[in-house]
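Data block below; observations after.
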Amino acid sequence: MQAIKCVVVGDGAVGKTCLLISYTTNAFPGEYIPTVFDNYSANVMVDAKPINLGLWDTAGQEDYDRLRPLSYPQTDVFLICFSLVNPASFENVRAKWYPEVRHHCPSTPIILVGTKLDLRDDKNTIEKLRDKKLAPITYPQGLAMAKEIGAVKYLECSALTQKGLKTVFDEAIRSVLCPVLQPKSKRKCALL
């Protein structure tokens, strides 16, 4: 069985842990718990191939900036996550997460993931953002960011409703099984 290592990065509280727990257990967790490193492993079938998907959670908080890259070696695919209802987390894709991932892993495929899709149309959430003169991130904005950072895909999902959730991980696996660019290199992340 082929093993694939998928590392999930992004700002604190964008929903990385919920994404993983909801996907691996089919249940949405309750309270917000900051993460250091939780690893999940799931055996899945994608395109009739059995895959052992190793899912690595990371902490987005700045306190972990020096620890986090320790989980990057041998990564096959990165999910860079931001919350669709947190414009600052979206900006940090460009300002922090893309540069960090590319510094350590120059050619590992990236999938850009907009989380909390269920809240984009939530009246209370929209009002709170409007009070700060902000708005939820739109699909075209996400697509443009994915293009800018050279992500292989842009996907949106909700860990709460599970809409688009399975697709995120299926596409992560496909990006490794059917690489779009540089098929000759092994595309593994190395620590120099």
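Using the three backbone atoms N, Cα and C, a Cβ is placed for every residue, glycine included.
What Swiss-Prot says about this protein:
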- 10-17, 57-61, 115-118: GTP binding site (BINDING)
- Cys189: S-geranylgeranyl cysteine (LIPID)
- Cys189: cysteine methyl ester (MOD_RES)
- 32-40: motif 'Effector region' (MOTIF)
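Neighbour counts of Cβ atoms within 10 Å were compared across the binding-site residues Thr58, Gln61; the minimum falls on Gln61. All protein chains considered, the CB of Lys16 (GTP binding site) has 26 other CB atoms within 10 Å. The highest number of surrounding Cβ atoms within 10 Å, among the recorded positions Gly10, Ala13, Leu117, Cys189, is found at Gly10. For the pair Leu117 (GTP binding site) and Cys189 (S-geranylgeranyl cysteine), the Cα-Cα distance reads 30 Å.
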